[in-house]
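K.L.:
Have a look at this one before I ask anything.
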Amino acid sequence: MDSTATGPELAASHDDEEAAPLVSGAGDGRCGAGDGRRGAGTASQTRDLHLLSLAFFFVFLAYHAAQNLQSTVNTDGNLGSISLGLLYTSFTAFSVVGSPVVRAMGSRRALVLGTSGYLLFIAANLAPSWYTMVPASLYLGFTASIIWVGQGTYLTSAALSHARDNNLPDGPTLGSFNGEFWGVFASTQVIGNLISLALLRNGKDGGSVTGKNLLFVVFLGCMIIGIVLMCLLSKRDEKRDNASTHSSFGSMLKYIVAPLKDRRMILLIPLIAYSGLQQAFVWAVFTKSIVTPVLGISGVGGAMAIYGASDVVCSLVAGRFTSGLHSATFIVSVGAIVQAVVLFWLLLFYSPMEGLLGAAIPLFIGALWGVGDGVLNTQLSALLGLLFEDVKEAAFAQLKVWQSGAIAVIFFLSPSITLQAMLILMATSLVISFGLFLLLTLVVEKPSSIRA
């Protein structure tokens, strides 16, 4: 799962909860507007929630599956891996400009513009070359920074409007809206990879060039459906629903870097970076060096579908049991131990095998890796919301920057180092980041005062 995506929504949720008295007051003043008017507003907001969720479903079922295949279908000069490295480098560089672009355009227009980068990336895969993939990847990095700010802004605005019109508390309403969106979004890793499995099923070479092109044409159609759904979204009054503003780019940049002065963030950054490393590892290394030699390119879709399903289940379970720093520490420890076992087993004992057992091993590894990814995604988002209450948006901006930068590192390194060297890098990063995370729990003097 593209785990760099959850931060803005949680940040917006907590910020809006803190502003609840003002919002509730506004809502109370509207109570006399009449049930018919309120019902119409409710229908519009829930309609927009469904449309936004479905639009992201179609866009990202195509993108996630295409991303998983890059290191195996675009192998000429390691074009696929390098393109993704450039993509996430661009995403990292443009992370600070997403917010002013969305404020200038409005979230609905920003969502449509953001989708255009994903459309261009899929289209470039129909004629993959350095002249098509590199520009498309750089442009997608820019538009990705826009679409995720736009998504968080739009979804929060719709949820707050729904709460006002129905005289509901902000917190549960935001939770309900975000729950539906992320539930639908999480399924993209499963559905998109099953489509890949169905269309690239002809042997270990992944089928003919025609079969691969057919797959990307289908993905292109999904992208177009997603864009059409984005265009059907209602225009929202975001100025009233969003209190976080910055008078200039300089003040916004100063706000974003503020958490770096906090030693808790310094201790957490290595785990944030590792969360990006482990995501890129499964996309760039696991699919190419572990799945493809045994199952072929056609097996990448099935293995990643299992990975995605495990990720979804563990995200939901981990989120349900998160109540504070102590529970988050325990859950992160479980995920870290699971991924450590996988890494050390791959490093010391793994070799490709024939037969049914050999085919099952990559699938089992994918399921275990999904456990760790689901745990890290949910717990990092929860921890940032718990520990950085006064600078939530800035803390989640740090999440995007360090995750995207780490992902880029793996995509650039994977073509030039061996699997053994990559496993050593991953294991070392896990040990260091987990050790500093445990130190963080000691630095926080009163963990009992932190509440989810």
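Residue numbering: from 1, along the chain as shown.
Each residue, glycine too, has its Cβ placed from N, Cα and C.
Dumping what TrEMBL says about this protein:
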| type | residues | note |
| --- | --- | --- |
| REGION | 1-39 | region 'Disordered' |
| TRANSMEM | 49-66 | transmembrane segment |
| TRANSMEM | 78-98 | transmembrane segment |
| TRANSMEM | 110-131 | transmembrane segment |
| TRANSMEM | 137-160 | transmembrane segment |
| TRANSMEM | 181-201 | transmembrane segment |
| TRANSMEM | 213-233 | transmembrane segment |
| TRANSMEM | 265-286 | transmembrane segment |
| TRANSMEM | 292-318 | transmembrane segment |
| TRANSMEM | 330-350 | transmembrane segment |
| TRANSMEM | 356-376 | transmembrane segment |
| TRANSMEM | 397-417 | transmembrane segment |
| TRANSMEM | 423-444 | transmembrane segment |
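Could you place these features in context, so I can see how deep they sit and what lies close by?
P.N.:
Sequence-remote contacts of a segment are chain residues at least 6 beyond its ends whose Cβ falls under 8 Å from one of its Cβ atoms, and for the transmembrane segment (49-66) they are 1-2, 111, 115, 118, 121-122, 125, 151, 154-155, 158-159, 177, 180-181, 184-185, 187-189, 191-193, 195-196, 216, 218-220, 222-223, 225-227, 229-230, 232-233, 301, 304, 308.
Through the fold, the transmembrane segment (181-201) approaches residues 1, 5-6, 9, 49, 52-54, 56-57, 60-66, 68-69, 155, 207, 211-212, 214-215, 218-219, 297-305, 307-309, 311-312, 315 of its own chain, all at least 6 residues removed from its boundaries and within a Cβ separation under 8 Å.
Same-chain residues lying 6 or more positions outside the transmembrane segment (265-286) and placing a CB less than 8 Å from one of its CB atoms are 1-4, 67-68, 70-71, 81, 84, 88, 259, 303-304, 307, 332, 339, 362, 365-366, 369, 372-373, 376-377, 380, 383-384, 387-388, 395, 398-399, 402-411, 414, 419, 422, 425-426, 429-430, 432-434, 436-437, 439-440, 443.
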K.L.:
Which residues of the same chain, at least 6 past either end of the transmembrane segment (213-233), have a Cβ under 8 Å from a Cβ in it?
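P.N.:
For the transmembrane segment (213-233), the list is 48, 51-52, 54-59, 61-63, 65-66, 108, 111-112, 115-116, 118-119, 122-123, 125-126, 154, 192, 195-196, 199-200.
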K.L.:
Three or more CB pairs closer than 8 Å, sequence separation of 6 or more: does that hold for the transmembrane segment (292-318) against the transmembrane segment (110-131)?
P.N.:
no
K.L.:
Could you give the residue numbers and ranges of same-chain residues that sit at least 6 residues beyond the transmembrane segment (423-444) on either side and whose C-beta is under 8 angstroms from one of its C-beta atoms?
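P.N.:
Cβ under 8 Å, 6 or more out: 263-264, 267-268, 270-271, 273-274, 277-278, 281, 325, 329, 332-333, 336, 339-340, 343-344, 346-347, 387, 413, 417, 450.
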K.L.:
Which listed stretch (110-131, 330-350, 356-376, 397-417) has the most C-beta pairs under 8 A with the transmembrane segment (78-98)?
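P.N.:
If we count Cβ pairs closer than 8 Å to the transmembrane segment (78-98), 397-417 scores highest.
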K.L.:
So which residues does the transmembrane segment (110-131) touch in its own chain, when a touch means Cβ under 8 Å and the partner is 6 or more beyond its ends?
P.N.:
52, 55, 59-60, 62-63, 66, 73-74, 76-77, 79-80, 87, 101-102, 137, 139-144, 146-151, 153-154, 213, 216-217, 219-220, 223-224, 226-227, 230-231, 233
